[in-house]
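Trainee: Let me begin by handing over the structure; questions about it come next.
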Amino acid sequence: MNYPTREDESLKEEPDKDKDATEESESKSLLPSPPPSSSSSDDENEVAFESREKIVIVDLETPESIGNVDYVPPFSWKKLWMFTGPGFLMSIAFLDPGNLEGDLQAGAIAGYSLLWLLMWATVMGLLIQLLSARLGVATGKHLAELCREEYPTWARFVLWFMAELALIGADIQEVIGSAIAIQILSKRALPLWAGVLITASDCFLFLFLENYGVRKLEAVFAVLIATMALSFAWMFGDTKPSGKELLIGILVPRIGSKTIRQAVGVVGCVIMPHNIFLHSALVQSRKIDPKKRGRVQEALNYYSIESSIALLVSFMINLFVTTIFAKRFYGTKQANSIGLVNAGQYLEEKYGGGLFPILYIWGIGLLAAGQSSTITGTYAGQFIMGGFLNLRLKKWLRALVTRSFAIVPTIIVAIVFNTSEASLDTLNEWLNVLQSIQIPFALIPLLTLVSKEQVMGVFRIGLILERLAWTVAALVIVINGYLLFDFFVSEVKGLLFGLLICIWTAAYVAFIVYLVLRGDAVPPTGFRIELSKRCSVTGSQS
C-alpha cells in the first residue's frame, strides 16, 4: 500500500473512485496475504493444491456484490454441495479402527453410560477442526506450512518429527484394522501380514483417483462412509437396543470408578494430530478470492455447515458401534477381554449366522473404516512432509515416500505382534499412548496461529472463542496426560527405564512450555511485515 502523495490531492473531486479505492485497500489490510514477491516463487514453494487442481466456485454478479468486498452472497444449496467434501474426508479420522475399538470397549465395559461423553467429545473435536479450516481458508496456507514459517529450524524439525510419529502410529492401527477385516472376510485364509500388504496397495489407488480430480476422490470416500453407516446401522437394528437407556446415556452424564479409563479413551481418540494438519490443507481445494472478505467468510460458513454434518454422521456411526456392544456384552465375562481382533468372533457367537451373517457385516464395515483412514493418512502425510520440509516432489514419489514411512514399520509390527490377541491389544495401547503424546504439538501451534491478527487478519478468532478453544485444548491435554500417567505407572518397570522416562518427560514438558510461551514472541515473517505495514498505513489515514 502506498502513502498519499500530492497527486492524490487532485483526486478529491472523484469521491466515488476514492471510496472504492479506500474500501479495497482496507480489505487488503485486513486479510493475511503473501508478500509481493511470493507470486513469482509459487513454483519454488510447496502448496496443498495447484491452481489447476482447485474447484472453481462460480459466482453470479449482483448489484449488491459489484465493488463491495464485504458482500456475503445468500445461502445456496448448490454452493453447499460444491463446498462439500473436505469435512467428510476429515471425519474419517473419527471413524478409524482405533476409534472403533475404543467404542466397542466403552460399550462392553461401561454400557450406555459414556454416550454423553462421546457426544461432547465429538463437539470438542468439531471446534478444533473448524479452527483448522479457518486457518487454512483465511491464510491460504495449511498448518504445516505456517509452522515452517513461524518457528525456528530446530523447533520446526521437532514438530515435523512429532507429526510423523503421530501419523505412523495412526497408520499402523488403520492398516492392521484393515488386515483384520480382510482376515474375517477371507475366513482367516490370509495371514495378517498379507492383509497389511493388500492394504498398502491403497497408495496406488489413491494416486489413480487423484489423477481424476478432487471430486472423484471425495466421491470414493463418500461411498466408504456410506458403507460403514449401512453396515453398523444394520447391526444396530439387529441388536434392538433399549431406546430409554440409549436416551439416558446421551443426556445424563455418568462416570463410574471402573470406567475412567474408557472415558479417557473416548475423549483421547477424538483429537487426531494428523487430522488437524489435514483439514487445514483440504479446505484449499476450492478456489476462493482472498481479496474479498465476503467470499472468505462465505467459504467459512459453508465449511462450518459441511463439517458439522460430517461429524454428526461420524457420531451416529460411533454411537451404533458403542450401542451394539453395550447391548450384548455389558456385564458379561467377555467384556474385559473384547478387542478389535476378537470382536467379530464374539459377535458371531452372540448372533449366529443367518442370511447376512453379522460377522461379515462387521468385517465389511471395519474394512471400509480401515481403507478410508489409510488413504487419508497418505493424504495427510503428503501435506505434513511437504509443508514442514517444503518438498517439491512428483505426486507418485511423494505418496510412495509417505506411504513407506508407515508401511515398513507396520509390516514389521504385523509379523512381530501376530503371535496372540493379547500382543495386538498391547500394541494398540502403546500406539494410543504414542498419539496422545503428539496432541499438544498440533493443538498449541494451531491455537497460537489462529489467535494472531498478524496471521489471520480480520478472521482472527474473538476473545471468547479463543478462551473456549484453549480450555478445550487444556482439557484434552490433561485427559491424555492422565492416560499417559496411568499407562506408564502400570507398564514402566525397572530403575533405568523409569529414569529414562523421567528425563524424557522433563524434555517433553519443557517443549510444550516453550510453544505456549513463544506464542506472543514469534518473529514476523514476510507476509506479516507486509500486513503490518498495511495496517499501520490504514490506521494513520483514519
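Here, residue 1 is simply the first one shown, and the rest follow in order.
Cβ coordinates come from backbone N, Cα and C, glycine included.
Just so you know, TrEMBL annotations are computer predictions that nobody has curated.
So TrEMBL lists the following for this protein:
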- 1-27: compositional bias 'Basic and acidic residues' (COMPBIAS)
- 1-45: region 'Disordered' (REGION)
- 115-137: transmembrane segment (TRANSMEM)
- 157-184: transmembrane segment (TRANSMEM)
- 190-208: transmembrane segment (TRANSMEM)
- 220-237: transmembrane segment (TRANSMEM)
- 309-330: transmembrane segment (TRANSMEM)
- 351-369: transmembrane segment (TRANSMEM)
- 400-418: transmembrane segment (TRANSMEM)
- 430-447: transmembrane segment (TRANSMEM)
- 468-489: transmembrane segment (TRANSMEM)
- 495-517: transmembrane segment (TRANSMEM)
Trainee: With pairs fewer than 6 apart in sequence excluded, do the transmembrane segment (157-184) and the transmembrane segment (190-208) have three or more C-beta pairs that lie under 8 Å?
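Mentor: Since 3 or more Cβ pairs under 8 Å link them, the transmembrane segment (190-208) and the transmembrane segment (157-184) do come into contact.
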Trainee: Six or more residues beyond either end and a Cβ under 8 Å away: which residues meet both conditions relative to the transmembrane segment (495-517)?
Mentor: 155, 158, 437, 440-441, 444-445, 448, 488
Trainee: Using a cut-off of under 8 Å between C-beta atoms, tell me which stretch among 157-184, 220-237, 309-330, 430-447, 468-489 contacts the transmembrane segment (115-137) the most.
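Mentor: Of the candidates 157-184, 220-237, 309-330, 430-447, 468-489, 309-330 scores highest.
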Trainee: At least three Cβ pairs under 8 Å linking the transmembrane segment (430-447) and the transmembrane segment (157-184), pairs spaced 6 or more in sequence?
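Mentor: Per Cβ check, the transmembrane segment (430-447) touches the transmembrane segment (157-184).
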